[in-house]
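First up is the structure itself, then whatever we jot down about it.
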Amino acid sequence: MPPHSCPTNTSLLELHLTGIPGLQHLHCWISIPLCLTYLVTLAGNSTLLWVIRAEPSLRLPMFLFLSMLAVVDLVMSTSVTPKMLDIFWFRSTAISLGGCLTQMYLVHTSTAMESGVLVAMALDRYVAVCNPLRYLSILTRPVVAALGLATLLRAVAFMSPLTSWIHRLPLCSPAVVNHSYCEHMAVLKLAWGDTAFSNTYSLLVSTWVGTFDSLLITLSYALILRAVLRLSSPQARKKTFSTCSSHLCIMALFYTPGLLSIYMQRYHQELPPHVQVLLADLYLLVPPAFNPLIYGIRTKQICDAARRIISR
């Protein structure tokens, strides 16, 4: 809870984002890899969606899940990167309260959706490898649509309370958010009143989603690897090992920094603030740029489809 001397303003309409605390003098340099990463994200995911839509042979469950992931990545990255660049390039730190809450909702909902889509993709790979003859009969279009809808509804149900509780609390003025975007825990520090329940809810939901989903993914890939070890072809084993390892690496890059940033903000206040902010930025910006490369360019069907589209 903020100190009792903190002046409150229940009609506060504007907040200020600091960017990366302690590294403001490096904002111009940090913006270069940030901008390049965002451009890669836009180009990679947009191209992936275009190829999957234009090529009828890619209307398989695997590529439908990949389309969902691309859309979520575009929303997640676009919800934060333009404002970050605005801060880094033009020192435009102001953001309306409505804009801040909207950004917060999009960020946390899209991260929960990304986690759910990764679980669905792991399930898809498990069925494809361990039960290939029944692949299309198990993962029918209604099943794929139901999995996508369930992922969306779970994210909305879990993350909507975070934004609604912030909206109901009066905020301290001056409202300076020590972060590069409107992250829930950072904004909650400005709230006046009892924030214990909101803090606990945020921690429990983030832990449950991250831990439960990562365990399901690990289990799926463990079963896949067990099935691969039974293959007689060394080339097939090598190819599947390469694919699984790259998938697991990009998933680790999503889950590990996200959970670390959450726990560091709550339990390791002595750490430099820029470390916490950079970790939070890392798991929002890097996976959306790498996902099209890992799941798209390394997939033979997508590369072949892209060549056919270009040749036409």
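Heads up, the Cβ atoms here are built off N, Cα and C, so glycines get one too.
Fair warning: this is a prediction, and the values are worked out from it, not measured in the lab.
The feature transmembrane segment is assigned by TrEMBL to 29-51, 63-81, 143-166, 208-229, 241-263, 275-297. The domain 'G-protein coupled receptors family 1 profile' feature in TrEMBL is assigned to 44-295.
Taking pairs at least six residues apart, the transmembrane segment (275-297) and the transmembrane segment (208-229) share fewer than three Cβ pairs below 8 Å and do not count as touching. Most Cβ pairs within less than 8 Å of the transmembrane segment (63-81), among stretches 29-51, 143-166, 208-229, belong to 29-51.
Sequence-remote contacts of a segment are chain residues at least 6 beyond its ends whose Cβ falls under 8 Å from one of its Cβ atoms, and for the transmembrane segment (143-166) they are 61, 64-65, 68, 101, 104-105, 108-110, 112-113, 116-117, 119-120, 123, 184, 187-188, 191, 197-198, 201-202, 205, 209.
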